[in-house]
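For 1-56, 57-116, 117-175, the entry in TrEMBL reads domain 'LIM zinc-binding'.
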Amino acid sequence: CSLWVFTGSRKMEFKGSSWHESCFVCQYCRQPLGTKPLITKGNENYCVPCFEKQFAHHCYSCKKVITSGGVTYHDQPWHKECFVCAGCKTQLSGQRFISKDEYPYCVDCFSKLYAKKCATCKKPITALGGAKFISFEERQWHGECFNCAKCSVSLVGQGFLTRQDDVLCHECGSA
């Protein structure tokens, strides 16, 4: 209020400044702060509930305030413990995950539910780590699995022939 705080009157001191007890209030709700916990933003003081309401991030999943840490997924804040796999519900914070239809999945769940299976080794094909794969008609192969069915030479970047379910190099396919 810029009026003098007279000696003997009740005053509040905070960060080297003095206030009349009735002037030391939350900038949002205008309730006296007294000795309650407060948070300062810029030159303004707020009670904790008002600061959280006005400025704190709220978890996209549980809607509670994120007080520390947290992760961002699709431009939304999440508690680390709320950011979980849509399949098995394990925490994904700090883990590799794959997004499908706006939902995060751990690599195992994504592989079980959605990944194509390699025609040779039958294991899931995921694009993690920049893995290369080959696709031909309705079949897919890991780059390292795309080999001639007879002589096992790599067919990656090579021409190939098909015979029933086999892929063959030109040499084996012509014999």
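Even glycines carry a Cβ here, placed using N, Cα and C.
Caution: TrEMBL annotation is automatic and unverified by curators.
With DSSP states grouped into helix (H, G, I), strand (E, B) and coil, the domain 'LIM zinc-binding' (57-116) comes out at 7 helix, 19 strand, 34 coil. Sorting the domain 'LIM zinc-binding' (117-175) by DSSP state (H, G, I as helix; E, B as strand; all else coil) yields 11 helix, 20 strand, 28 coil.
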